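Below: one structure, written as structure tokens.
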Amino acid sequence: MAASAIQSSAFAGQTALKQRDELVRKVGVSDGRFSMRRTVKAVPQSIWYGADRPKFLGPFSEQTPSYLTGEFPGDYGWDTAGLSADPETFAKNRELEVIHSRWAMLGALGCIFPELLSKNGVQFGEAVWFKAGAQIFSEGGLDYLGNPNLVHAQSILAIWATQVVLMGLIEGYRVGGGPLGEGLDPLYPGGAFDPLGLADDPEAFAELKVKEIKNGRLAMFSMFGFFVQAIVTGKGPIENLADHIADPVANNAWAFATNFVPGK
């Protein structure tokens, strides 16, 4: 009787351990706390992923490196300099690219939209992106959207300190995995950051990742172009575009490059 009870107890213990291990395997565990994770396919069934994805090898690469397998969005198999050969460096660079892509998309919109509004009769102070911030050095200071009732800034140091604090909090929140370090993906956290549920379908989510990184790369090049335009022409992107349309021969990259004199 005692032997039967011991055997039953041992069997029950093994069953409980198996159930616990299965639960941990399904939902994950971090620092002694269980955290739910969305289950997704390892390689999405999309033309943009896998060995048969579209590739661009560039002029100096004969074949796709073995470490670029098409697992991640935006992988066209091009890495002539071998920047992604080390897995840790690759992971870090992917994170930096996605974050900078998002900032560039927001920045490009911020460079274009105020100038468009100004061209259509909306008055809110300086519309050219690289001139707007300089208003803080004027006697009247800087009014956000031209409205002194919103944010009236007169100290560049105060703006800098506020920026550091706010961005530090946001970046800490992201790197920490969400509120109280709940184990959210630092690049694609979902949840409250996806109120429309765009990532609920894994296949649609995989496609959106590709669209995001492609548009983000384009935005980074656009921002670089805006910087160069500001230095060379002293005008915003919309005004430069209007000048080019009005007189393409006199207003183009080649004409400005051949006539550009630094400091003038």
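Placement of Cβ uses the backbone N, Cα and C atoms for every residue, glycine included.
Under the heading transit peptide, Swiss-Prot lists 1-36, citing a curator's inference as support. Annotated phosphothreonine per Swiss-Prot: THR39, in sequence order. Annotated chlorophyll b 1 binding site per Swiss-Prot: PHE56, in sequence order. According to Swiss-Prot, the chlorophyll a 1 binding site annotation covers TRP78, SER84, GLU97, ARG217, on the basis of similarity to another entry. Annotation comment: Swiss-Prot describes 98-118, 150-170, 218-238 as transmembrane segment, evidence class sequence analysis. Among the features that Swiss-Prot reports, chlorophyll a 2 binding site is placed at HIS100, with the record citing similarity to another entry. Annotated chlorophyll b 2 binding site per Swiss-Prot: ARG102, VAL151, LEU180, in sequence order, evidence recorded as similarity to another entry. Annotated chlorophyll a 3 binding site per Swiss-Prot: GLN135, LEU145, GLU212, in sequence order, evidence recorded as similarity to another entry. Residues or ranges marked as chlorophyll b 3 binding site in Swiss-Prot (evidence: similarity to another entry): SER155, GLU171. The annotation chlorophyll b 4 binding site is assigned in Swiss-Prot to GLN163, ARG174 on the grounds of similarity to another entry. The chlorophyll b 5 binding site annotation in Swiss-Prot covers GLN163, PHE260, and the record cites similarity to another entry as its basis. Summarising the annotation, Swiss-Prot assigns chlorophyll a 5 binding site to LYS211, GLN229. If you look up Swiss-Prot, you'll see ASN215 marked as chlorophyll a 4 binding site, on the strength of similarity to another entry. Residues annotated as chlorophyll a 6 binding site in Swiss-Prot, with similarity to another entry given as evidence: HIS244, ALA253.
Residues 136-137, 141-144 of the same chain lie 6 or more positions beyond the ends of the transmembrane segment (150-170) yet place their CB under 8 Å from a CB of it.
Rounded to a whole number, the distance between the Cα atoms of PHE56 (chlorophyll b 1 binding site) and SER84 (chlorophyll a 1 binding site) is 15 Å.
A Cβ distance under 8 Å defines the sequence-distant neighbours of the transmembrane segment (98-118), meaning residues of its chain 6+ beyond its ends; these are 124, 127-129, 132, 187, 212-213, 215-217, 219-220, 222-223, 226, 236-239. Taking the C-alpha positions, the distance from HIS100 (chlorophyll a 2 binding site) to ARG217 (chlorophyll a 1 binding site) comes to 9 Å. Among the binding-site residues GLU97, SER155, LYS211, ASN215, GLN229, the ones whose Cα sits within 10 Å of the Cα of ALA253 (chlorophyll a 6 binding site) are GLN229. Distance noted between the C-alpha atoms of ARG217 (chlorophyll a 1 binding site) and SER155 (chlorophyll b 3 binding site) is 34 Å. Checking each of the binding-site residues PHE56, TRP78, GLU171, ARG174, GLU212 against ARG102 (chlorophyll b 2 binding site) by C-alpha distance, the shortest gap belongs to GLU212. In this structure the C-alpha atoms belonging to TRP78 (chlorophyll a 1 binding site) and PHE56 (chlorophyll b 1 binding site) are separated by 6 Å. For GLU212 (chlorophyll a 3 binding site) paired with GLU97 (chlorophyll a 1 binding site), the C-alpha to C-alpha distance reads 11 Å. Of all residue pairs in the chlorophyll a 1-binding list (TRP78, SER84, GLU97, ARG217), the one with the greatest Cα separation is 17 Å apart.
For the pair LYS211 (chlorophyll a 5 binding site) and GLU97 (chlorophyll a 1 binding site), the Cα-Cα distance reads 14 Å.
Distance between Cα atoms for GLU97 (chlorophyll a 1 binding site) and VAL151 (chlorophyll b 2 binding site): 32 Å, as a whole number. For ASN215 (chlorophyll a 4 binding site), the same-chain residues 6+ apart in sequence whose C-beta sits under 8 angstroms from its C-beta are SER101, MET105.
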